[in-house]
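Chemist: Below is one structure. I have some questions about it.
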Amino acid sequence: MKSIPIILLVLIGLLLASVYSHDILITEKGQKSLDKLDKAAATTLQHGENIQLSCDVCQIGASLLEDFIKKNASLTEIIKGLSDLCIASKEEQPEVCTGILNNYVPIIVDVLIQSDFTPSQLCGYFKICSATGSSESSSISNSFDNEYRQESFNKPTMKVNKKPQYKDLSNQEPLVKKFKGNDSIGYILQISDVHFDPDYKVGSNPNCGRPLCCRDGVGSAGPIGHYLCDIPFSTVELIFQHLATLTDQLDFIVWTGDNPPHNVWEQSQAQQELATATLAQVIQKTFPNTPVLPSLGNHEAYPADQYVLPNSQWLLDSIYTYWAPWLDADALELVKERGYYTSLIKPGLRVMSLNTLENDMINFYNLLPTYLKGPNNQSDWMINTLEQAQSNGEKVLIIGHIPCTVKSASTDGWCAMYEQVVGQFSDVIIGQLYGHTHYDQFSVFSDVATHTIPTGMNYIVPSLTTYQNHEPGYRIYQFDYSTNQIVNYYQYHANITEANETGALNFQLTYSAKELYNMDDLSPTSWTKVANQMKTNSTMFNSYFENLSSSPIKESCDQACQTKWICQIFGITSSEFDKCYGV
């Protein structure tokens, strides 16, 4: 999920105010704007991490930056100024302020200097200001959207303008030699967002005032876990002891990333690598003879969410090593070069694992003009792979981490491209399996021309971590290999409160998709019908809402809340969400 605590988003506004000079604070105009900024920031902060950063914070900061953009300051001065402001706000502890700023400010400043964006446009890019707030702020998302739509493809055939040479995929060896199910029916396990914390301490304080707790102090952190914290490694072991009982049923496993904990202010490259290495070892030990299809999460990066080549080559080198037991040489070669790959699951069925750090709004490197259009970019590879699959009579299952929903803090440029690809190859793509939000969601893709014809389905699975009030969960998809279609899925959860009391972690079936929504099949058309019924059928919507967070905290959802969540289903880009929501 979005990893950076709200203080960093507030500091984006503050950074815009001082990125070039701490001297702005001593001017009369700058001081007045700063006073307003402090007040707006405090108002934003007191509502907690799940509330969007106030547009005022960002706009005032942008105004200050634009007034003093010609002045220069060192990174040391910028970080010190921001640290002083952060610590003075008392909304984060000093070590969190300094840790986050030291990690992220050099990247943000470097990107601002290299990019062509004005500070006001950044407020729109980060979705801090809506389209109704500032035409300049909202223009940046539309600019990314339009550039992808107009320049990446030749309409209406969606061919890549300058297609590089890619490997012939027609002779790949399948990963699954023999399926375990009866007749044509098999089962796929998806796990995501484990976020285990090796420093979790039983009996520690879950309300420590930092972005991640249960690591020190005295409090109610239970032996199995706590809803405000990431799970201990001992709980990971319990989870996989349970999953091991499913081995005889599973044909393959989809592992959609986010392995390290949420201590984003004090992480290191070595810690990020160790988290992935540890989980890879656990998975391989638990399922020694079951194929595993991994994808890269935003938390695997260091700092979290930040990815650009060649700076991030260490990350690709590490997953190349840890994913090696499951992927063939061609797939691993592409992993080491780009962080994505394709493999043949069985004749006629292919997987594409995407590197969705390119779809991460909090990856500041995505502001650079080359991220969408560089040589051998991911969108070109994606289209080429789908074209080959289409020619070879194959169906494709897409897996990734960050989905295209407003909840996931995705980028409109990427999602505009992706939406077109899904529409163009709707006869090839049979489903999309993602994670990241920690919520149990789904989104329906439709044709970009009219948004009336369903074209694809994205299934977003809940997390295994309990962080931010979730019961740990995993999902099993029922798959018909004769038609290469997902025909049902089963969502499982464990109750952490009960587990802490009994010492046993028991997973129970929460629901079956077909039974819960009374569906004949899981086609995009059927899911569109379900989503539209939620607009008027409160019973159906309440079933969806209850399973969204799988939280012990039961919240009410009024009409505005209901509309928001339904628009998340249809809003692949922020402009589509806003249109649905009536913004």
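Note: Cβ is positioned from N, Cα and C throughout, glycine not excepted.
Straight from Swiss-Prot, here's the annotation block:
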type	residues	note
BINDING	ASP193, HIS195, ASP258, HIS438	Zn(2+) 1 binding site
BINDING	ASP258, ASN298, HIS401, HIS436	Zn(2+) 2 binding site
DISULFID	CYS55-CYS129	disulfide bond
DISULFID	CYS58-CYS123	disulfide bond
DISULFID	CYS86-CYS97	disulfide bond
DISULFID	CYS214-CYS229	disulfide bond
DISULFID	CYS567-CYS580	disulfide bond
DOMAIN	51-133	domain 'Saposin B-type'
CARBOHYD	ASN72	N-linked glycosylation site
CARBOHYD	ASN182	N-linked glycosylation site
CARBOHYD	ASN377	N-linked glycosylation site
CARBOHYD	ASN495	N-linked glycosylation site
CARBOHYD	ASN500	N-linked glycosylation site
CARBOHYD	ASN537	N-linked glycosylation site
CARBOHYD	ASN547	N-linked glycosylation site
SIGNAL	1-21	signal peptide
Chemist: Would you mind pulling the DSSP three-state label for CYS214 (disulfide bond)?
Modeler: coil
Chemist: Measure the Cβ-based neighbour count of CYS86 (disulfide bond), defined as the other Cβ atoms within 10 Å of its Cβ.
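Modeler: Other Cβ atoms within 10 Å of CYS86 (disulfide bond): 24.
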Chemist: Would you count the other CB atoms within 10 A of the CB of CYS129 (disulfide bond), including those on all shown protein chains?
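Modeler: A 10 Å sphere around the Cβ of CYS129 (disulfide bond) contains 26 other Cβ atoms.
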Chemist: Report the same-chain neighbours of ASN500 (N-linked glycosylation site): residues 6+ apart in sequence with Cβ closer than 8 Å to its Cβ, ordered by sequence.
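Modeler: The answer is GLY222, PRO223, ILE224, GLY225.
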Chemist: Out of CYS55, CYS97, which has the highest number of nearby Cβ atoms, where nearby means within 10 Å of its Cβ, if these are the disulfide-bonded residues?
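Modeler: Compared across CYS55, CYS97, the most Cβ atoms within 10 Å surround CYS97.
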Chemist: Take the C-alpha atoms of HIS436 (Zn(2+) 2 binding site) and CYS86 (disulfide bond) and report the distance between them in angstrom, rounded.
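Modeler: HIS436 (Zn(2+) 2 binding site) and CYS86 (disulfide bond) have their Cα atoms 28 Å apart.
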Chemist: Can you figure out which of CYS97, CYS214, CYS567 (the disulfide-bonded residues) comes closest in space to CYS129 (disulfide bond), comparing Cα atoms?
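Modeler: So, of the listed disulfide-bonded residues, the one sitting closest to CYS129 (disulfide bond) is CYS567.
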Chemist: Which one of these glycosylation sites, ASN72, ASN377, ASN495, ASN547, has the sparsest Cβ neighbourhood, judged by other Cβ atoms within 10 angstroms?
Modeler: ASN72
Chemist: Through the lens of DSSP with three states only, how would you label ASN547 (N-linked glycosylation site)?
Modeler: helix
Chemist: Neighbour count first, Cβ atoms within 10 Å, every protein chain included; then name which of HIS401, HIS436, HIS438 tops the list of binding-site residues.
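Modeler: Buried the deepest by this measure is HIS436.
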Chemist: I need the least crowded one of these disulfide-bonded residues (CYS123, CYS214, CYS229, CYS567, CYS580), counting other C-beta atoms within 10 angstroms of each C-beta.
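Modeler: The disulfide-bonded residues CYS123, CYS214, CYS229, CYS567, CYS580 were compared, and CYS580 has the fewest Cβ atoms within 10 Å.
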Chemist: Between the Cα atoms of CYS86 (disulfide bond) and ASN298 (Zn(2+) 2 binding site), what distance do you get, rounded to the nearest Å?
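Modeler: Their Cα atoms are separated by 25 Å.
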Chemist: Quick check for the class: what is the C-alpha distance, in angstrom and rounded, between ASP193 (Zn(2+) 1 binding site) and CYS214 (disulfide bond)?
Modeler: 18
Chemist: Give the residue from the binding-site residues ASP193, ASP258 that has the most other Cβ atoms within 10 Å of its Cβ, counting over every protein chain displayed.
Modeler: ASP258
Chemist: Applying a 10 Å Cβ distance cut-off over all chains shown, what neighbour count does ASN298 (Zn(2+) 2 binding site) have?
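Modeler: Other Cβ atoms found within 10 Å: 26.
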Chemist: Roughly how many Å lie between the Cα atoms of CYS580 (disulfide bond) and HIS401 (Zn(2+) 2 binding site), rounded to a whole value?
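Modeler: Cα-Cα, rounded: 25 Å.
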